[in-house]
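Worksheet for the structure shown next.
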């Protein structure tokens, strides 16, 4: 490589990103990790983290009797698969629930972001009915399931990544792995740009009127 050839650096996932138009700052990954250092509720098998939206673990997902007794209508399994939380439509065939499975591994290298929008849409559709109760589970109810719930709050409840984390931490002890946090951070940047574009379009329309 010639000496004067510029070296392209990879984007730093740990650096904060500031939107110059709104002043909103998407925190760096390290700053997001620090949010989990503070106290959180005692670990339980399942917690309601948003109205009618629950995060739970494998024990919760496997207990069909309790799911039916407590009125759950939708289950999003973020650890679907034979070697994970092996449930599915057939497992729940004796109770009335709608099932959605995501085959995800709790690894920093796993691309969970490919499921952010489909999972968020499933949750949104379920919560459109006031009588629905949604369980989002994985093995421990701390990383995969929590990340999908955070993405839902960001996409459909218009929360920032920090707001969504703080909302869930009020009710449940969660700890998404570092790779998932980076992907949620990227989603935050993307959503901030989309919202700015929507605001710019609205302002332009007002001027045209």
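Glycine too: its Cβ is placed from the backbone N, Cα and C atoms.
Here the structure is a predicted model, which means the values were calculated and not measured.
The following features are taken from Swiss-Prot:
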- 138: active site, phosphocysteine intermediate (ACT_SITE)
- 137, 138, 139, 140, 141, 142, 143, 144: substrate binding site (BINDING)
- 44-193: domain 'Tyrosine-protein phosphatase' (DOMAIN)
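The most densely surrounded of the recorded positions 138, 139, 140 is 138 (count of other Cβ atoms within 10 A of its Cβ). A simple Cβ count within 10 Å picks out one of the binding-site residues 142, 144 as the most packed, and that one is 144. Counting other C-beta atoms within 10 Å of each candidate's C-beta, the binding-site residues 137, 143 are led by 137. Non-local neighbourhood of residue 141 (substrate binding site): 45, 46, 55, 56, 57, 60, 172, 174, each in the same chain, at least six residues away, with C-beta under 8 Å from its C-beta. In sequence order, 55, 57, 58, 78, 79, 106, 145, 146 are the residues of the same chain, not among 137, 138, 139, 140, 141, 142, 143, 144, whose CB sits within 8 A of the CB centroid for the substrate site. Summed and averaged per residue, pLDDT over the domain 'Tyrosine-protein phosphatase' (44-193) gives 98. In the three-state DSSP reading, residue 144 (substrate binding site) counts as helix. Rounded to a whole number, the distance between the Cα atoms of residue 144 (substrate binding site) and the residue listed as 'active site, phosphocysteine intermediate' is 6 Å.
Helix first, then strand, then coil: DSSP counts for the domain 'Tyrosine-protein phosphatase' (44-193) stand at 65 helix, 23 strand, 62 coil.
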